[in-house]
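Lifted from TrEMBL, the feature list:
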type	residues	note
BINDING	Lys16, His156, Lys188, Asn281, Gly285	1D-myo-inositol 1,3,4-trisphosphate binding site
BINDING	Lys57	1D-myo-inositol 1,3,4,6-tetrakisphosphate binding site
BINDING	Arg92, Lys145, 177-188, Ser203	ATP binding site
DOMAIN	103-309	domain 'ATP-grasp'
BINDING	Asp264, Asp279	Mg(2+) 1 binding site
BINDING	Asp279, Asn281	Mg(2+) 2 binding site
Amino acid sequence: MSSPRFRIGYALSLKKERSFILPSLVDYAKLHGIDFVRIDPLLPLTDQTPFHCIIHKLYDPSWVQQLQDFTSQFPDVVVVDPPELISRLLNRDSMLEVVKEVKVPQGDERIETPKQVVVNDLDVVLKNGLNTFSDLGLKFPIIAKPLESNGSAKSHQLCLVSNDSGLKGLNAPIVLQEFVNHGGVVFKVYVVGECVVCVTRKSLPDIGPEDVKKLDAVSSFSQISNSGAQGDDEGNVEMPSLEFVMHVAAGLREATGLRLFNFDLIRDSNDHNRYLVIDINYLPGYAKMPNYEPFLTKFFLDVVQNRTVGGAFSSSYVNENEVVFC
């Protein structure tokens, strides 16, 4: 008797499909009984069945409504993840609010978020400069991020602002966020159901008082990255403790209700027990994660075979600059 096969429908932009549904994933999953099926969001979902599971990253209201209608008609088809839960991550203000719900055991390591404020009217800010938010303790340099975080090219236009003049080039609505020196390294933590993988990536270098004076009024992240400024050597970076990463990942999974996401974690250069979550992304670039094919395949098998996908992490190990729980 042949083993059962499972159809995983995916509704993604062409760009996301090309970066996520790679031949290596399709081939690996096929060997383990999973077939990926492209969903056309312009056609009725009911005409494209059967599906055992649907993954998606489209935000058009008509698609969201169609997906909701479909799940009402076919409640046994698992949707990863519900649109109403994903929507919380599409706004950089509400996105980091979930971090406040994360509880980690009392110890040396702490989890926080950077100070930030949403600006809807730039005229008010331009009149008084950063003094407008003196009560928050924001000071230059600051990071300016579009309020929306929907995966569009515009949502990725992040920049570093070094003085009041730099504020003039911004467009509201925008988030002004505290810049915290973090050794030029970010810990990218990928969550795939019960599994979490933590890897290091290069980030913005530390900026001292004298460095601020040398910066342009406003600089895109790509400008700074290409300037040759150096942070810590990734190969010599001390990873966060296994237990700490586990608790933060599990806490965010519970707070968001999501099963496929990643978050960016930095460590304060002036306080190595202070960690900050600076970004959370739904259905991120998993292909950049080491061995993403078996992780994703295991996750989908867990989902379609009705195995637990919300339990505790286990079987941890470390491989140099990589931390894995599964």
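Each residue, glycine too, has its Cβ placed from N, Cα and C.
Whatever TrEMBL says is automated annotation, not expert-curated.
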**Message:** Measuring Cα to Cα, how many Å separate Arg92 (ATP binding site) from Asp279 (Mg(2+) 1 binding site)?
**Reply:** 8
**Message:** Between the two most separated Cα atoms in Lys16, His156, Lys188, Asn281, Gly285, the residues recorded as binding 1D-myo-inositol 1,3,4-trisphosphate, what distance in Å do you get?
**Reply:** 19
**Request:** Work through the binding-site residues one by one (Lys57, Arg92) and point out the residue whose CB has the fewest other CB atoms within 10 angstroms.
**Result:** Lys57
**Message:** Rank aside, I only need the closest one: which of the binding-site residues Gln177, Asn181, Gly183, Gly285 has its C-alpha nearest to that of the residue listed as '1D-myo-inositol 1,3,4,6-tetrakisphosphate binding site'?
**Reply:** Gly285
**Fill in**
Rounded to a whole number of Å, the separation of the Cα atoms of Asn281 (1D-myo-inositol 1,3,4-trisphosphate binding site) and Asp264 (Mg(2+) 1 binding site) comes to 9
**Prompt:** When you measure from the Cβ of Gly285 (1D-myo-inositol 1,3,4-trisphosphate binding site), which residues in the chain that are at least 6 apart have a Cβ under 8 Å away?
**Reply:** Ser19, Phe20
**Request:** Write down the Cα-Cα distance for Asp264 (Mg(2+) 1 binding site) and Gly183 (ATP binding site), rounded and given in Å.
**Result:** 14
**Asked** Counting distance between Cα atoms, which of the binding-site residues Lys16, His156, Lys188, Asp279 is nearest Phe179 (ATP binding site)?
**Response** Asp279
**Asked** Relative to the Cβ of Phe187 (ATP binding site), which residues of the same chain, six or more apart in sequence, are found under 8 Å away?
**Response** Cys198, Val199, Thr200, Arg201, Met239, Pro240, Val245, Asp264, Leu265, Ile266, Arg267
**binding-site residues compared (Lys16, His156) - highest count of Cβ atoms within 10 Å** = Lys16
